[in-house]
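A.B. asks: Quick one: the structure is below, and I'll ask about it shortly.
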């Protein structure tokens, strides 16, 4: 038997992923684009409902308050997504709520001056205003880093090797929102997981009028089937005598969103009253803003690959971070109870559907704004049990993580230096946040527990984030460990041409601002 040729056992590195039907600036038909946009909207509902559902009761809020926060969050998500796709990175990314803000917000909720308020409604309003004030002040971090191009300067220290653990852990770091949540209601979660994989992968070649309908709309079809199945279980009394936690995760009538939602309600700035400002609250929130910045950086690079675009040039990335800072400012003004970041699950959906079209994401932003105003209709879709979303996350988070690993093709993985950096950064990126989570669950406070609550919030928030820990470790090691002689091993010859806007002719096609705005903001 003849020895295999080198080209038969290895594959050349490729700038852009193959097999995508529509890239960033190519669009499906309007009918297909609208259906795909609605699918992205449905997926974004998971986080938009989960964050207020957890935080509002802790603040003393009612179901009505929870619905208003969900509506406001979706409304601002739609605005931020439009701003980002039009004037920011211009990548097809949904800008949604972020779990990174949970630590400082929970700290604000448990502030003794707020906890001492006896009237629940007054406590809810005062807590909301305190969170708003902290978000407004903290948003200045991303606005300054973005528009001053300081983040562009920082990103020059990144290499493909250094970015692998960061992008990978943008997906892998969310493992606790995957199967652990599916396990809370296996009779719904596991069928959803199996059905989604079957439709999107095994039946992807099933065509209807030359359209791979099962692959393209696997999320919508599987959610419809499992939601109907869950409703059938609920109506038949399957959960009548089950524990409260099981009912909360399995029943379709436990969210109390539809009955509490108004028919029409337009969110507006300062709807909860004038924000209040506290230096300690703001400092803790700044850590969440930094975490959001790092997580979004990884997600933007993953989205560029899944949209068959070149990696965003440094000034485009910095521009996107600046607009994300504006988004967090809007979060604070409207009172969404969360800051903004790139929705990782929606980035994964780009790969699952093989549609990376910018127009599809802009249509999904339209759905967010529309259904947040028509409260009853939006609440109907928002009442989907979160277990269903968690099953989809198992696939989509993993897909984003694998995109991060794909950057290894540009590096030398026969180098012990590279193996050391990637391995240590991945392990610590998973292990350190897990330590912080376990410690907090047992002690009811984070490992950083000094008299300075602002200091505690800052450290605990930073080290709760897997991508942030991975970036600190990977970028430090990559730029200090034999870095002078390792440029080729790190993948820098491939990476360096994408740093500047004019470094690759394709950048103009993907990242040029609309309405001829580049005349006023020339690319660098």
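Positions of Cβ are set from backbone N, Cα and C atoms, glycine also.
TrEMBL annotations: computationally assigned, not manually curated.
From TrEMBL, here are the annotated features:
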type     : residues : note
TRANSMEM : 38-58    : transmembrane segment
TRANSMEM : 91-110   : transmembrane segment
TRANSMEM : 130-148  : transmembrane segment
TRANSMEM : 157-175  : transmembrane segment
TRANSMEM : 181-199  : transmembrane segment
TRANSMEM : 211-230  : transmembrane segment
TRANSMEM : 360-382  : transmembrane segment
TRANSMEM : 388-407  : transmembrane segment
TRANSMEM : 419-436  : transmembrane segment
TRANSMEM : 458-477  : transmembrane segment
A.B. asks: Under 8 angstroms for C-beta pairs, at least 3 of them, ignoring pairs fewer than 6 apart in sequence. Is the transmembrane segment (458-477) in contact with the transmembrane segment (157-175) by that rule?
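C.D. replies: Result for the transmembrane segment (458-477) with the transmembrane segment (157-175) is yes.
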A.B. asks: Given pairs 6 or more apart, does the transmembrane segment (181-199) have at least three Cβ pairs under 8 Å with the transmembrane segment (388-407)?
C.D. replies: yes
A.B. asks: Sort out for me which stretch, of 38-58, 91-110, 157-175, 360-382, has the most Cβ pairs below 8 angstroms to the transmembrane segment (419-436).
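C.D. replies: The stretch I would name here is 157-175.
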A.B. asks: Any residues 6+ beyond the ends of the transmembrane segment (91-110) with a Cβ under 8 Å from its own?
C.D. replies: 24, 40, 44, 47-48, 51, 54-55, 58-59, 73, 77, 80-81, 83-85, 127, 130-131, 134-135, 177, 281, 284-285, 287-288, 291-292, 295, 299-300, 303-304, 307, 309, 312, 320, 324, 327, 336-343, 346-347, 350, 356-358, 360-361, 364-365, 446, 453, 456-457, 460-461, 464-465
A.B. asks: Excluding the flanking five residues on each side, which residues at least 6 beyond the ends of the transmembrane segment (38-58) place their CB within less than 8 Å of a CB in that stretch?
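C.D. replies: That would be 65-66, 69-70, 73-74, 77, 94, 96-97, 99, 102, 105-106, 109, 124, 217, 219-220, 223, 255, 257, 337-338, 343, 345-346, 349, 353, 360-361, 363-364, 367-368, 371, 381-382, 384, 386, 389-390, 392-393, 396.
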A.B. asks: So which residues does the transmembrane segment (360-382) touch in its own chain, when a touch means Cβ under 8 Å and the partner is 6 or more beyond its ends?
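C.D. replies: Distant Cβ neighbours of the transmembrane segment (360-382) are 22, 27-28, 33-34, 36-42, 44-45, 48-49, 67, 70-72, 74-75, 77-79, 81-82, 85-86, 92-94, 255, 257-258, 260-267, 346.
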